[in-house]
């Protein structure tokens, strides 16, 4: 079933872009955990639109209302439910979606899957907006992981063909992650900010859009976490990450590049640093046989260009069964990559926390 | 939990490389399906070692014994269990594995995960051999899908830096897939066979290993199959594919390359061809918003070089807590990519059948 | 995990008695189903308190607000979420619950399970109030089943030692069920109404409470629905029914009495009535080997007396670790059995719909 | 799906009475647990037929062969698979089952469910024989629970209308349980043995069968284990127990009798005995709100008379679509209750261990 996920930790999400509200139910959270709500809202603001000239003009407050599972500032251990009301929607903008299928969007597949009964307004349940409750959920998980000294960070690995450094080239630390999380353009090589901004403004003028790659790292996971068939760390993270709209690929460690290496180059040789087990390289991205080896978990996620562009496109009208031309009105991001960063980080936190709780129970 | 997977179709695998037997339990198969066992064995032979000079010398019969759920040549609808006895094992070859962690292998993570109690012989439960029951399972699913006119095929997209054509460049058909499945080196550009063979023989002499990329395509899936959060087609396939040892990345459609395109290039524009909905391009690999759009589903999988190499390597001895040198004896594939091809195909069949049964019930 | 349930149909409930809201997320509902909301509210009113002099004085509107999955009067096929705001709560009434454990209530187990972090007010997540979203969910399932000509009905089999007839003694029909569902005291032998009312008023004066048995029947289920190990119809129904607070037993068909029969008496002999397969008796309650045989599914549920009584009771104070006396203030039902009737019916509808959808997909 | 069960602990069973083998896969067992195999076999012998003149003459060795997950006498933490080969089968005895539906058996429901493709021989997957792998599984769980000082025992509460004492009337202890487990007729009032034996011999002569009630108790579970909606201890145990063929009812604590008590009688009042929390009565059977309160968990299970009787019965022939008479040949127990005792105990151990591991992880 689609909207339920989890093993020891379980989540259930719901909502349509222009429905009454979107939200999530989270079960299996540790009992008595004190949530730093300001930090949660800060994470959610990272994803929220209307934050900068690079994002859509749609204003959302995205302040979740917690309905249950939270008492006197702490998790109770019972299901924690939270909703976000939908506001500021111009549904009329979207009426044409009843019949005209936007290229690159889920309109057509959704129409076929739900036999025409789904709420098409603003993409309905397929809208990127549905990731807001995921970020809320993952932000809580991230806090719980931080208490276990597990930290997650990410940066923009690329926008179109502008490439940042790799995490392999820098020292990973909680401070680096915190710093990156505060940047509008989280980059290891800050000099790229200007050219990326220019590229975005340029594509905006072209009424077109750009894609990019996000690189994410997780530090502090001890060796031995994860599973062989079927719940490898890669399986769990990939499963969740591919739920995020616009993701088309994921790779761990050296990823696709590892296929060009020889075994003697690809193998990460072990050594003792005092009592600590380390590897000289991290081509496996901290995961072998689905299980952590104590090195940082590193992966990259490919985000396609925003499918909503105002350029004229060829497509179909499913009512007239005719080929038609489409010019999308309304408000869109020229690039989703920036807003995808906190989504990928927090969704990963959900997966990692579930893996750890499944194994250790606490 | 690791070894159980599935929604409407459920599978449970078990076994260690040098234990008594490996096997699988499959529940949820359609009732009364007549299995072509010769075809199943043929698929399993594709994965089996000792088939050619490129593979390990280890001989396995790998003929599964069906214990239940199969009566008068048909599935009964009750759980179908099958086992494969382990034979021809030289466990003494592996005794050093108790203490010396092979780089690139799951030895260390497994030791930590199972607190030293796991069966280390031949990699135990982490052995690629455990994919044999998966191929058996997927081969059955593949036959069921073929009755629904859904066909799966794959080819070697690359070995090291030798690259084959893309599926995008050829016409996909059941016949092409059948033909590819009979090749020792399934390639679209057959001229590459020689150079790939040379590369493999060369690396064998170097006592080293090679990796590569497998490209897989699925045709015949109607539009509307799949789910948004959390069980997108990508999520389900990635979850299963990352269970296969040595996989480090997966990408759908244009994959990571799509990040360099503009939205106007990346969007697959729709058109009617008669009553059929098609797209001019297939950058989304037949999946948008987690749901099929009727175009071929295409994805690529990165397979790392065989971690078992007989070259001298640096590693650790977890008993003496010392850094040591290791020269792995025994028999290994210089490349796993060839044997990974049928595993990826059949494992994908498991995921696709589960998605279809979950949606349609039949 | 506790608050998630389901196979093909999935539900996730949440909420505390005195929290912000209670609710449910339902995934896997058929697409495009037109819900008769008035009928849903009518079912919910059957459970709602304050309906008569036999129920608590607490007034609830219990009108659910649908947040998603429902568009133009029909299910969309995406998750349907609904919430009910909590109103009319006198939390101060409950402050003593922080420390004094009410006998017969979940206070103590909950305190230990949640390590003291749970919302104790009004029983929190353990409150019978949490069954309201279940009734909402089950009422929708009931409507879907009715479209398949499957009908569910129930009556009060007993209150204390006053026993109604058995369903075995009457002709089961949709009309009978509809009629029973409109009664404040759903009885087959209406003459018992007076004595039951007297017993309830009498126990109210005694500041004590009564229990009873509810008998439920399901007609219209064809033979072949259900499963052997582990998802028998009995397993699924019992699993859900034992989630309802105050349930202490369930029996199918002749239930515990069947243990006194000989096999020759207990076996339900088959015969053809035209082309229809029937049994002369129905000691197995329409289920053998976990699977329906086409006869009515009949079961009885034991409901204990309301644990909240205003009589003085012995109990413990977990803060002072002392034995104390307790006199519960506030408003309570002298009997839960009446309100349990629609909960049992609708919760059964959830289980049966899931079993059918899991098998047939539609 | 039917044959898969579990949350933190997962099991998957398979097999048909006259197929090649029956078995189970168990995942999630603690790592490094040393199994006392003699004790496992002893538990299995309690269930095995042909043990006494009261059981069927069918001889089984029922010695499971462990295929995986067990190394050097300990669990590895990987899936533990075990099979039992089927021997000593006279399939010809059962050929008539193709068409003639045995009253009280799953033949007809199974035929409809599997559309005639199931293995009908000896009841196939519905055979009580399939409980052998469950006893194997539960016997392991029971050993793990004993290490946690949790003990499970049971006795025959009744055979037909001959009733033993209740567990409430005696002091529950590990020794009592051990002693009962060694008896052919586990009774609290040993004087009943003679009359029960006579009743069984008598019914055997009548070519008929008897049913009865098994009472089971679990001691040593701390307060706080279990869940509210939907995985109450009652839900988990009932779900598993109703998977056992011939079970028609389950009740906890005072069960159906509690419906005749007043709240002031039914409520179990708490008191401190030193630092220990106790209740004066145990009408709730150690469970309130789905969660343990530290008192013994007590429940009773209704087992119907063996449906296989050699008396002449009315039934149907599904091939000729005619009503026919049936006289069952072959070997049957005149009573299943005796063999059900270890099944109920061990299956309960599976449920309790899963609940504990889900909560505590160890």
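Heads up, the Cβ atoms here are built off N, Cα and C, so glycines get one too.
Features of the protein shown, as given by TrEMBL:
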- D:47, D:53: NADP(+) binding site (BINDING)
- D:125, D:126, D:127, D:289, D:304, D:305, D:306, D:307, D:308, D:331: FMN binding site (BINDING)
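With the fewest other C-beta atoms within 10 Å around its C-beta, D:47 stands out among the binding-site residues D:47, D:125, D:304.
With an 8 Å limit on C-beta distances, the binding-site residues from D:47, D:125, D:304, D:306, D:308 that reach chain B are D:125. Across the structure, residue D:47 (NADP(+) binding site) and residue D:304 (FMN binding site) are spaced 17 Å apart at their Cα atoms. Using a 10 Å Cβ-Cβ cutoff, residue D:306 (FMN binding site) registers 26 neighbours. In this structure, residue D:127 (FMN binding site) belongs to neither helix nor strand by DSSP; it is coil. DSSP assigns residue D:47 (NADP(+) binding site) to a helix.
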